[in-house]
Amino acid sequence: MAAIIVVGAQWGDEGKGKATDILGGQVDYVVKPNGGNNAGHTVVVGGEKYELKLLPAGILSDNATSIIGNGCVVNLEALFEEIDGLQARGADTSHLRVSANAQLVAPYHVAIDRVSERFLGKRAIGTTGRGIGPTYQDKVGRVGIRAQDLLDESILRQKIESALDKKNQMLVKMYNRRAIEPEEVVQYFLSYADRLAPMLIDSSKVLNEALDRGERVLMEGGQATMLDVDHGTYPFVTSSNPTTGGACVGSGVGPTRITSSLGIIKAYTTRVGAGPFPTELFDKWGEYLQTTGGEVGVNTGRPRRCGWYDSVIARYASRVNGFTDYFLTKLDVLTGIGEIPICVAYDVDGVRHDEMPMTQTEFHHATPIYETMPAWDEDITGCRTFEELPEKAQDYVKRLEELSGCRMSYIGVGPGRDQTIVINDILKD
């Protein structure tokens, strides 16, 4: 039995898709426990590039059943567009299942998300405008629509009519937009009911029975630790808990069944959207990382903000997630840059902080304290063992390991599935 959680350790886009793709071929189930089509994965298989949003990266593994968990919010139009796109490229999606308890994104969620961001103006959080936040708000407010509701039209209709009593008042009176007809939303959902119904399962039951049989389960977290609604840079966060604890809740698998928690972390740092970012670069090196690393959001198309590696955040992520291992990605991007600064602590109004400041005010005032290490000039994209890496690259990885509070068990040296160095195989430990 093995239950592994994959979690982003920074602000997302760390390469979780690659990690899941590599491990997904060795497990029996891959479950996405949180998020929706607001976060994307890029996976390269056989030279083919796949950009996944709502679907787990494990969908590209023929041997694994992929599950969209109860902690997810599902836009059905986006789901089936993604499925159809993969099938058109020859991918098999017949092994995809959806938790009956997953929340559904309604057209009014998307409308409210988009208009509210415009209404906020300069105070906008920087959402993707896909209705994720409003859907989670309805979930917590106990007025959400779940996937299983499509199996009973009377319940579906009742929930939609009740929701629109309030939503339309908000759209019309607060945002000066047109009201949405309940029947329009009912028909939208019913148009997908026949296709969705065969996919629905009790995901908690399925996953726990699989573990009882000694099978392997991989939980593929969306977004990242610093976007967690509790542990991230609030309010510049997502609306779910993309941390280890949230993965347990969003999949229905208890914490005592988890055998490994794998943090995915870049050899530098990126962020999309608004919010504090202590190591952010505004010079030629920021542009270099953005260009060389291909740092453009899969979902939004927005350029990612880039900065140096932040070990304060890495230590924080190790602590709140209980990571057993790290998967370091994009080490190859740092080849040939001369010197590599590493943030080892923060200066906050003249006081050194080796750990995350307690308040967001302090974090906004944090300036990085750097140490530097020499970069390497050799091409590392063909390295397949740690010993094959140049000595300077080895030293950089070892220093990150010392600073981050967790062993570096995997190292990405290129975008391909095979461009990975495995130091400790967590499926064999």
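Yeah, the Cβs are placed from backbone N, Cα and C, and that goes for glycine too.
All protein chains included, Gly40 (Mg(2+) binding site) registers 18 other Cβ atoms within 10 Å of its own Cβ. Summarising the annotation, Swiss-Prot assigns GTP binding site to 12-18, 40-42, Arg304, 330-332, 412-414.
Among the features that Swiss-Prot reports, Mg(2+) binding site is placed at Asp13, Gly40, with the record citing sequence analysis. In the three-state DSSP scheme, Gly40 (Mg(2+) binding site) falls into the coil class.
Under the heading IMP binding site, Swiss-Prot lists Asp13, Glu14, Gly15, Lys16, Asn38, Ala39, Gly40, His41, Thr128, Arg142, Gln223, Thr238, Arg302, citing sequence analysis as support. In this structure, Asp13 (Mg(2+) binding site) belongs to neither helix nor strand by DSSP; it is coil.
As annotated by Swiss-Prot, active site, proton acceptor applies to Asp13. Asp13 (Mg(2+) binding site) has a Cβ environment of 29 other Cβ atoms inside 10 Å.
Taken from Swiss-Prot, the feature active site, proton donor covers His41. Its Cβ placed at the centre, His41 (active site, proton donor) has 26 other Cβ atoms within 10 Å.
Annotation comment: Swiss-Prot describes Val298, Asn299, Thr300, Gly301, Arg302, Pro303, Arg304 as substrate binding site. In sequence order, Gln290, Glu295, Val296, Gly297 are the residues of the chain that are 6 or more apart from Pro303 (substrate binding site) and have a CB within less than 8 Å of its CB. The secondary structure of Pro303 (substrate binding site), as reduced to three states from DSSP, is extended strand.
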Of Asn38, Gly40, Thr128, Gln223, Arg302, i.e. the binding-site residues, those within 10 Å of Gly12 (GTP binding site) when Cα atoms are compared: Gly40, Gln223
Residue with minimal Cβ packing [other Cβ atoms within 10 Å] among the binding-site residues Asn38, Thr42, Thr128, Gln223: Thr42
Secondary-structure category, per DSSP, in which Val413 (GTP binding site) falls: coil
Spatial neighbour of Val413 (GTP binding site) that is closest, considering only the binding-site residues Asp13, Asn38, Thr128, Arg302, Arg304 and their CA atoms: Asp13
Candidate with the highest Cβ count within 10 Å, taken from the binding-site residues Lys18, Arg304: Lys18
Neighbouring binding-site residues, C-alpha within 10 angstroms of Leu331 (GTP binding site) - of Asp13, Gly40, Thr128, Gly301: none
